[in-house]
Amino acid sequence: MQKVRLAAAPGPCLDTFSHLLSFYFFYFLSPFLASAKQSWKRLQCYMKMVTRTVDLRSDTVTKPTETMRAAMAIAEVDDDVLVYDPTADRLETEMARITGKEAALFVPSGTMGNLISVLVHCEVRGSEVILGDNCHIHIYENGGISTLGGVHPRTVKNNEDGTMDINLIEAAIRDPRGELVYPTTRLICLENTHANCGGRCLPAEYIDRVGELAKKHGLKLHIDGARIFNASIALGVPVHRLLQAADSASVCLSKGLGAPVGSVIVGSKSFIAKARRLRKTLGGGMRQVGIICAAALVALQENIAKLEGDHKKAKILAEGLNQIKGLKVNVTSVETNIVYFEIVEGSNITAEKLCKYLQEHGVLIMPESSSRIRVVLHHQISGTDVQYTLSCIQQAVTGVHDCNGDLKEISV
């Protein structure tokens, strides 16, 4: 007899199995899928964050623009030590015009510019310079004026606005009758804007008073004007007016102006002649220097007008930081592109931890102490960058997220 194999017809058992499989799939696996979806979204958000860099460590971190690179590529050059470089000469002539001085000299850095200026004014070893106790020359320039020049620094307390009391400056001037035992005071130095005081601006009237005091006692006045263009924009006063009372000044081209390298010192023709010789002594004489001076000329043409925007963004950042619980900013003291903020006592985060967290999210800032942090704006920081920075800081300090796990934006 032939055996017949019967095919199993679909029935209730198979349908029941399918339903059970679907039930188990959705009941047990759906939460994992939802979690995976949320994790993927957060991963995408994180990847977006870590590929974005907002560099607020200083205004020295700017990259050359395409216009600068193009100008550098076609710059007319010559040996600036043997003869002179034509592009460097154009830059020096333009800077002398802007600052209202007879002559100018390009140098590799602001530190060298200040050092040369002090040494020209204090040619005799054992001379003394009066300067602020919180100024850049005194704190951040490796003690060069004393190490290399034999110049003794006599500090006067800087006020919160970067000034020094006029009466304290005068009291610090040595009595010439005590030359047998004292150094000889020959120079007063000011800093405008004052970086350690939060980018505060010294008004022209204050500088005039210090200049009058210097003349009264037969002294010279040098201004560290690394960010003098920021002061000019913030005060609405031309650079040449801010430097009118000064015998010399150094002006940085690679900070707010955004050039890749260099500073310029300005003064009288005789001052610059001596400065040129000292530049060579210190190894600052360069050959085809027009390549970098070309970028500085572009910076003067394109970036001075952008400084006002930097100041506005600094103010927005300061106001936003003040809205974050646990942080404190003196908003009224933010006059230019530098913001200092404090982590209030009792907060569960330190400046070091905050900076580390922000670095992981692509935001670079510098701690000044365990509770104080500096932020510097420049023309390559956008308004969106400011908002992103505020959001990251808010998350680090308070751990605030929106419903999607993204950081909340702070309205300012």
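Note: Cβ is positioned from N, Cα and C throughout, glycine not excepted.
Per TrEMBL, domain 'Aromatic amino acid beta-eliminating lyase/threonine aldolase' is recorded for 55-342.
Within its own chain, K255 (N6-(pyridoxal phosphate)lysine) has S58, D59, T60, A226, R227, H378 as residues 6 or more apart in sequence whose C-beta sits under 8 angstroms from its own. K255 (N6-(pyridoxal phosphate)lysine) carries neither a helix nor a strand DSSP state and counts as coil. Residues or ranges marked as N6-(pyridoxal phosphate)lysine by TrEMBL: K255.
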Query raised in the report: On the 0 to 100 scale, where does the mean pLDDT of the domain 'Aromatic amino acid beta-eliminating lyase/threonine aldolase' (55-342) fall?
Result: 97
